[in-house]
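First up is the structure itself, then whatever we jot down about it.
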Amino acid sequence: MRAYIYDEESQLSPQDEHESSQSVSKQELEKLGVLYWSIDSIDQVNSIAIQRDYKNRDQIICSPQAMGDIYQQKLDTFFEEHLHEDEEIRWVVEGSGYFDVRDQTDQRWVRIKVEKGDLLVLPPGIFHRFTVDKDNYIKAMRLFKDEPKWVALNRSTESESNPYRKAYIEQVGKAMTMGAF
């Protein structure tokens, strides 16, 4: 995993790195409520699933071959800024991609490069987006506390006032009093 401030000036495709010179540490991600583990085996995933009460899982393959004609439509959907009312938990089994999350100012994107073995947990209420990288392939295990579902609430006035969003802002505000990045 590698995290850094997303270079907004770049005119490149969202699937490019958009590398800036500002790196973001694992500790800084934790202040945003984002959790990360480097996982070598399914046994480690199972252990975290038990600790965090993840009862269900499935797998998604995001590639032109796996998704066919709907691939670009799905990429566009995933890259639209949105939040969820549940944690978003992904363990990368193969391939790579980028999760972008809003920083504590809600003005900049923090880009998180994920690759095989990376397990990422995004908290409910955080605005984020996802895309594969230039290799156009990722296979990820999705973990869920309840029944598998993926309900995205795109950024809007309505989603800004969502109770999960408000709870997230309160949580991050408390973490930021301990030192912003």
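Each Cβ is built from the backbone N, Cα and C atoms, and glycine gets one as well.
Remember, predicted model here, so these are calculated numbers, not experimental data.
Annotated region 'Disordered' per Swiss-Prot: 1-23, in sequence order. According to Swiss-Prot, the feature compositional bias 'Acidic residues' maps to 1-10. Residues or ranges marked as Fe(2+) binding site by Swiss-Prot: H82, H84, E88, H128. Annotation comment: Swiss-Prot describes H82, H84, E88, H128 as Ni(2+) binding site.
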- line: Reduced to three DSSP states, the region 'Disordered' (1-23) has 0 helix, 5 strand, 18 coil
Task: Within the same chain, and leaving aside H82, H84, E88, H128, name every residue whose CB is within 8 angstroms of the centroid of the CB atoms belonging to the recorded Ni(2+) site, in sequence order.
output: L83, L122, I126, F127, R129, A152
Task: Count the other Cβ atoms sitting within 10 Å of the Cβ of E88 (Fe(2+) binding site), across every protein chain shown.
output: 22
Long-range Cβ environment of H82 (Fe(2+) binding site), under 8 Å and at least 6 residues apart: F127, H128, R129, A152, L153, N154, R155, S159
Query: Can you check what DSSP calls H84 (Fe(2+) binding site), collapsed to helix, strand or coil?
result: coil
Query: Which chain-mates of H84 (Fe(2+) binding site) that are at least 6 residues away have a CB under 8 A from its CB, listed by sequence?
result: L122, P124, W150, V151, A152, L153, Y164
